[in-house]
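**Student:** Before I ask anything, here is the structure I am working with.
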Amino acid sequence: MRALWIVAVCLIGVEGSMIEFGKMIQEETEKNPITSYSLYGCHCGLGSKGKPKDATDRCCFVHSCCYAKLSDCSPKTNRYEYHRENGTIVCGSSTFCKKQICECDRAAAICFRENLKTYNKKYKVYLRFKCKGVPEKC
């Protein structure tokens, strides 16, 4: 299991907001964010290619688009704070960038939870060369 963690760290990097995003995913889905989502479909984890395979993969596509809109905010490395109120994720508001990054992650974590019933194990470790089609625009 330790080797899997080391590989996952190399693949997705555990820095900045990725730590908070991982916690959100774990809290919302009760799934391990690294083993369940880092290589899922065509849009989760590093790189984005082709059409989303299903609703969960679409969550990742939308999340990537959200981050793209915030590229000046360094969304993968800029850490933020959040808390929960009555089970709901509430993003802190220390700066505009941190709040917006948190909101992107919040929306994706909720999207994953809302699509748990259609999570497809065959896409859990999906090889990107299988991803075909013209990618949608954000």
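A Cβ is built for glycine as well, from the same backbone N, Cα and C atoms used for every other residue.
These came from Swiss-Prot, pasted as-is:
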SIGNAL    1-16  signal peptide
DISULFID  Cys42-Cys131  disulfide bond
DISULFID  Cys44-Cys60  disulfide bond
DISULFID  Cys59-Cys111  disulfide bond
DISULFID  Cys65-Cys138  disulfide bond
DISULFID  Cys66-Cys104  disulfide bond
DISULFID  Cys73-Cys97  disulfide bond
DISULFID  Cys91-Cys102  disulfide bond
REGION    121-133  region 'Important for membrane-damaging activities in eukaryotes and bacteria'
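Walk me through the surroundings of each of these features.
**Tutor:** Less than 8 angstroms from the CB of Cys42 (disulfide bond) sit Ser48, Lys49, Gly50, Lys51, Pro52, Lys53, Asp57, Tyr126, Arg128, Lys130, Cys131, each of them six or more residues away in the same chain.
Cβ-based neighbour count (10 Å, all protein chains) for Cys60 (disulfide bond) stands at 23.
A simple way to gauge crowding: the CB of Cys59 (disulfide bond) has 25 other CB atoms within 10 angstroms, across all the protein chains here.
Cys138 (disulfide bond) falls within neither a helix nor a strand when secondary structure is assigned with DSSP, and so counts as coil.
Every protein chain considered, the tally of other Cβ atoms within 10 Å of the Cβ of Cys104 (disulfide bond) stands at 23. DSSP assigns Cys104 (disulfide bond) to a helix in the three-state reduction.
Residues near Cys73 (disulfide bond) in space but far in sequence (CB under 8 A, at least 6 apart, same chain), listed by position: Phe96, Cys97, Lys98, Gln100, Ile101. According to DSSP, Cys73 (disulfide bond) sits within a helical segment.
With a cut-off of 8 Å between CB atoms and residues at least 6 apart in sequence, the same chain places Tyr80, Tyr82, Lys98, Lys99, Cys102, Glu103, Arg106 near Cys91 (disulfide bond), listed in sequence order.
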**Student:** Got a sec? Which of these disulfide-bonded residues, Cys66, Cys97, Cys138, has the most Cβ atoms within 10 Å?
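**Tutor:** Counting Cβ neighbours within 10 Å, the top one is Cys66.
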**Student:** Measure from the Cα of Cys138 (disulfide bond) to the Cα of every one of the disulfide-bonded residues Cys60, Cys66, Cys111, then give the nearest.
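**Tutor:** Closest by Cα distance to Cys138 (disulfide bond) among the disulfide-bonded residues Cys60, Cys66, Cys111: Cys66.
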**Student:** Are there disulfide-bonded residues among Cys44, Cys104, Cys111 that sit within 10 Å of Cys65 (disulfide bond), Cα to Cα? If so, list them; otherwise say none.
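**Tutor:** Of Cys44, Cys104, Cys111, within range: Cys104.
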